[in-house]
Amino acid sequence: MDDKILLIKNLIEKKGYKFTNQKKMILEELFKVNTHLNSKQIYDKVKDKKIGLATVYRTLNLFSEIGIVKEINVDGVSYYELKMYGKKPLHIHFQCVKCNSVIDIDDNNLNLQYLKIGREIEDKNNVDIYDIDIMLVGVCDKCKKPTVKNQ
Ligand SMILES: [Zn+2]
Ligand SMILES: [Zn+2]
């Protein structure tokens, strides 16, 4: 078994849950894609393996509760991505108000500043920060382009 999957397996079992084959397959899909997926999109990837939509919902809820995945809400739909075990553990999100797409802003230099801001806030306020969640809202590159008018 993959090292990261093994780590998560231990975490799930430590919380008192069984590490089922379904959980493993859903995890593997999350690792493969490395972006945000909603329950339906994940279900589409695993339905051939006889995993029902209800199981996908339940599993993602559990993953979110234990802190394996981050849940991002866009217009009432939950999207999930791996938290600390993913390839991009720390990044800013950008949401387009026109097409509702969510983009990962994943830039090393920006992420470093992002960490610095967190540290400064910790120092000044005497708090411990576990996670930073920034969602920028605006209009994406695609939607910014002017639509051609028929005249
Ligand atoms: Zn857009
Ligand atoms: Zn993301």
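The backbone N, Cα and C atoms fix where each Cβ goes, glycine too.
Annotated features in TrEMBL:
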type    : residues             : note
BINDING : C96, C99, C140, C143 : Zn(2+) binding site
I'd like to know which of these binding-site residues, C140, C143, is least surrounded, judged by other CB atoms within 10 A.
C143
As a test of the contact definition, list every same-chain residue at least 6 positions from C99 (Zn(2+) binding site) whose Cβ is closer than 8 Å to its Cβ.
C140, K142, C143
Around the recorded Zn(2+) site, report the further residues of that chain (criterion: Cβ within 8 Å of the mean position of the Cβ atoms of C96, C99, C140, C143; site residues excluded), sequence-ordered.
V97, K98, N100, S101, V139, D141, K142, K144
In the chain carrying C96 (Zn(2+) binding site), residues 6 or more apart in sequence that have Cβ under 8 angstroms from it:
V102, I103, G138, V139, C140, K142, C143
